[in-house]
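The next block holds one structure in the form of structure tokens; read it before the comments.
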Amino acid sequence: MSEAQAPLITEEAAERGLASSGSRRLSDGGGGQGSRKYRRRSDALAHGDRYQKAAALVDLAEDGVGIPEDVLNDTRFGRAMSFYFVYLRLDWLWSLNIFALILLNFLEKPLWCRKDALHACDQRDMYFLGQLPYFSKTESLIYEGLTLVILVMEILCPLSYEGLNIFWRSTTNKLKILLLFILACDILVFAFSSQPFRLAPYIRVVFLIMTIRELRMCAITLAGLIGTYLNVLALSLLFLLFASWLAYVTFEDTPQGKTIFSSYGVTLYQMFVLFTTSNNPDVWVPAYKISRWYSLFFIVYVLLGVYFLTNLILAVIYDSFKEQFAKQLVQVDAIRKNILQKAFELIDTNTRGYLDREQCISLLNELNKYRSLPKTSREDFELIFAELDRSGDFKVTSEEFADLCNTIAIKFQKEPPPSYLEKFPFYHSPVCGRLKSFVRSRTFEYIIVFVLLINLVAVIIETTLDIENSSSQETWQEVEFFLGWIYVAEMALKIFSLGFGAYWMEGQNKFDFVLTWTIFIGETLTFAFPSKLPFLSNGEWIRYLLLGRVLRLTRILLQVQRFRVFVATFFTLMSSLMPYLGIVFCILCMYCSLGLQIFGGIVYAGNPTLEETDLFSNDYLLFNFNDYPSGMVTLFNLLVMGNWQVWMESYWQLTGSSWSLIYFVSFYLISILLLLNLIVAFVLEAFFAEMELEKGEEVDIQSPTSGGIKKRRSMRVRSKGTMVDILLHHMLSNELDGSQNS
């Protein structure tokens, strides 16, 4: 298999389906006449009929990650898949081990403690250390040894189902073996000597990136645009060098030149910080005092550097980023299409080039057994087949079949079950009919919103009186207790009018039901037994629940279509942004480890040099690099650009070396100028793309045509992964077309 060849069977989907289908007995029917029933997907792949094999492959194709294609074509396929699914059943252990590796960075004792003084880290107040406990050297070695053993098992387990030849062709596997060897050597060196530097903290983060597929794809995408980024950085450097030289020459004989721009190196540094606007306008105050016209120089510099050059860098980088990202998506789509083509060929035994209605329904019936989606009715099978059959000829071609993963992700809206009260005659009386109509009306909704507003006012007043220790607080507590009865009545009326099944189908109603009963029971017990139950007599926890109830006011915003789109976009964006936020976290971990090894232990009470720094005068001593938790918080402050030059200049003074500037400047260039700007640009484009998708679905639902009616029946509730996939394809449609045509 060539290096570019991608794995075919998805690990994540296999794990998910295994968990959902392996614990229940499969129902009869479907999958062809007289088909055997298999409890696990591995059994179906090895021994099942063509529908069961195809269903397993379709389910595995959803996430696009898995074992190499060679294994699918191997004569020992059944045995290989048995080992593969054993490996997947241990996924919880592999995930827990990766988490343990990252956690070790926070718990191991900093190296400077072992180097400078044996008990230095016990003096937490002196060194401004965090509150997490530290492992001793013996404890760290035991912990690292256990994680190393599990890591070896995880990396070498694929040999059981891939074989040595296929395993060793993968660059990823080779890199893992190399890193594993370096990690083992680092642990051995650490066990027998005390070195001021270790590679283990960095390797742990690399393993995190290589283990999580989304992080790995994100890292590959970012690596692909390094060349473009270096080109625009060179342009920015030329601009900075020229502007610094111009500033140094212009203000040479002025107080600005004598106090701030004393040399070209200092001028270059100050102009770089001004490029980030962190020292604006402090850096040019001396020049401004001499002549107000000098401000034009700095204003033009900031406008060109911040609002033109920085945005130009962002535009070039984001364009390259989309191109690299599109290549990744094209590869994922090709993997999925390849697997679905194999599933199609398994069913199309007569090589007709299409699947008929009965074949598709048999496949969907088998998918019911393997997928984690709710069991689908026969009527829904017809709708899915209609979605696939875009040509309307009652035949699903291989091209139409390629959209199966997106189509089966649709969750069809079910008819609510009838109320249990339907069998009683009084439920159909005119009085009950008017009551049910009233509960379903807008008027009833407005009344509840009005009560919620009163509840909000009551909570604010009661909380204020509690802070002031006023005796009037009890009156407002009684008001809140009375309002609680209104919510119970609201819940009862809705269940009576809609039926519990229809009531429980709405997520908002589930939230209201749990919250209402929790608050009502808590308030009742508090009023009934105010002194016998100490926990309940403390009304603080009920107050927080009352504030949670007020969150129901968000339903007012959801009545507005634009706000509803905002909420939907927010949740979709959070899912799509997680890999990039994860990469930012990994960068922070890398720089935190480096910061501990470079700057660890130099910030401590009694250091005479420390008292001369801005770190001391601004009371930023707790934000240091003396231990891992403190370092992560410090880097977060640098990430948000909050007086970041204070740390840069203070550590310059503390170390006495200008080389320390490289640490902070490189962090700015990688984390802020590159990653955060990419995230901002990604959020902007993703927001507009999601708005277009939401508006398009709104038009489809409101369409009076038969297609609109059909869309109305199929409530498109997709998994987060599917929603993100659709959003990314919509965002990068132009780039994807270009990649596929090239």
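Quick reminder: no glycine exception, Cβ is built from N, Cα and C everywhere.
The following features are taken from Swiss-Prot:
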| type | residues | note |
| --- | --- | --- |
| DOMAIN | 335-370 | domain 'EF-hand 1' |
| DOMAIN | 376-411 | domain 'EF-hand 2' |
| REGION | 1-44 | region 'Disordered' |
| TOPO_DOM | 104-140 | topological domain 'Extracellular' |
| TOPO_DOM | 198-204 | topological domain 'Extracellular' |
| TOPO_DOM | 248-258 | topological domain 'Extracellular' |
| TOPO_DOM | 274-296 | topological domain 'Extracellular' |
| TOPO_DOM | 468-480 | topological domain 'Extracellular' |
| TOPO_DOM | 532-540 | topological domain 'Extracellular' |
| TOPO_DOM | 604-627 | topological domain 'Extracellular' |
| TOPO_DOM | 643-663 | topological domain 'Extracellular' |
| TRANSMEM | 83-103 | transmembrane segment |
| TRANSMEM | 141-161 | transmembrane segment |
| TRANSMEM | 177-197 | transmembrane segment |
| TRANSMEM | 205-226 | transmembrane segment |
| TRANSMEM | 227-247 | transmembrane segment |
| TRANSMEM | 297-317 | transmembrane segment |
| TRANSMEM | 447-467 | transmembrane segment |
| TRANSMEM | 481-501 | transmembrane segment |
| TRANSMEM | 511-531 | transmembrane segment |
| TRANSMEM | 541-558 | transmembrane segment |
| TRANSMEM | 583-603 | transmembrane segment |
| TRANSMEM | 664-684 | transmembrane segment |
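Using a Cβ-Cβ cut-off under 8 Å and counting only residues 6 or more beyond its ends in the same chain, the transmembrane segment (481-501) has close neighbours at 416-422, 435-436, 439-440, 444, 448, 451, 454-455, 458, 509, 512-513, 516, 519-520, 523, 527, 549. Proximity of distant same-chain residues to the topological domain 'Extracellular' (274-296), defined by a Cβ-Cβ separation under 8 Å and at least 6 residues beyond the stretch ends, is recorded for 240, 251, 254-256, 259-260, 302, 305-306, 641, 643-645, 668.
Outside the topological domain 'Extracellular' (104-140) by six or more residues, the chain places 147, 194-198, 201, 204-205, 589, 592-593, 596-597, 600-601, 603-606, 621-622, 624, 626-630 with a CB less than 8 A from a CB of the stretch.
Same-chain residues lying 6+ beyond the ends of the transmembrane segment (583-603) with a Cβ under 8 Å from its Cβ atoms: 102, 105, 110-113, 116, 120, 127-128, 196-198, 201-202, 205, 208-209, 215, 218-219, 222, 610, 615, 621, 624-628, 631-632, 634-636, 639, 651, 654-655, 660, 663, 667, 670-671, 675-676, 679. With a threshold of 8 Å between CB atoms, the same-chain residues lying at least 6 positions outside the topological domain 'Extracellular' (643-663) that come near it are 265, 269, 273, 276, 278-279, 591, 594-595, 598-599, 602-603, 607, 609-610, 612-616, 618, 620, 623, 634, 637. Within the chain carrying the topological domain 'Extracellular' (198-204), a Cβ under 8 angstroms from the stretch's Cβ atoms is held by residues 101-102, 104-105, 111, 144, 179, 182-183, 186-187, 190, 589-590, 593, 597, all 6 or more beyond its ends.
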